[in-house]
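> Under the heading DNA-binding region, Swiss-Prot lists 166-185. If you look up Swiss-Prot, you'll see 3-118 marked as domain 'Response regulatory', on the strength of sequence analysis. According to Swiss-Prot, the domain 'HTH luxR-type' annotation covers 142-207, on the basis of sequence analysis. Annotated 4-aspartylphosphate per Swiss-Prot: Asp54, in sequence order, evidence recorded as sequence analysis.
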Amino acid sequence: MNKVLIVDDHLVVREGLKLLIETNDQYTIIGEAENGKVAVRLADELEPDIILMDLYMPEMSGLEAIKQIKEKHDTPIIILTTYNEDHLMIEGIELGAKGYLLKDTSSETLFHTMDAAIRGNVLLQPDILKRLQEIQFERMKKQRNETQLTEKEVIVLKAIAKGLKSKAIAFDLGVSERTVKSRLTSIYNKLGANSRTEAVTIAMQKGILTIDN
């Protein structure tokens with residue numbers, strides 16, 4: 001039988017979860033905590049097989065509790081909250097939570113998520129999974145935009161690859177040498193380079209420049 005630790009600052013929620021979980025003979029309640037600080041202590045003392053964790057609580061939040069518990073234990077933790085804010089979902093999953101459930105979820109979904117967590121899997125509700133995928137896509141898109149060189153920066157990079165110095169590049173482009181150096185700094189930052197040679201090498205590896213350029 002799997003030992004469950006319930007963490008929530010509302011007594012009525014803890015009592016309701018206890019009554020629900022006791023209907024499943026695969027689980028037994030071994031403890032309950034009213035905040036993250038108590039949860040961290042009980043995780044050490046009781047060594048539960050799974051933890052149901054609220055997020056917003058006094059003294060210590062659920063996210064901080066997850067972080068501290070995960071530093072010492074591999075106990076699967078399922079977030080059970082009323083909040084579906086993007087940053088909470090992301091941070092919770094990144095900290096190692098095996099699930100993110102809203103408190104209006106069905107008992108069937110709760111038990112399925114707990115069963116999956118016990119097996120070491122992450123099971124997310126379709127709407128939450130979809131939102132996390134959208135967030136990941138937005139992150140990747142933003143990252144691509146942040147690292148993508150502008151047309152003017154590519155022109156400078158091509159000139160550098162030909163061995164031209166900043167002064168010569170500035171003359172050819174009809175801009176100031178200061179502008180060229182500014183674009184070069186931007187190129188370094190976007191490519192993670194520390195020198196002209198490294199910038200050209202990375203650009204060729206990424207396909208931004210080719211030998212024909």
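Including glycine, each Cβ sits where the backbone N, Cα and C put it.
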> With an 8 Å cut-off on Cβ-Cβ distance and a minimum sequence separation of at least 6, pull the same-chain contacts of Asp54 (4-aspartylphosphate), or say none.
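When sequence neighbours closer than 6 are ignored, Asp54 (4-aspartylphosphate) has Val7, Asp8, Asp9, His10, Val13, Gly62, Ile79, Leu80, Thr81 within Cβ distance under 8 Å.
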> Using DSSP, break the domain 'HTH luxR-type' (142-207) down into helix, strand and coil residues and give each count.
50 helix, 0 strand, 16 coil
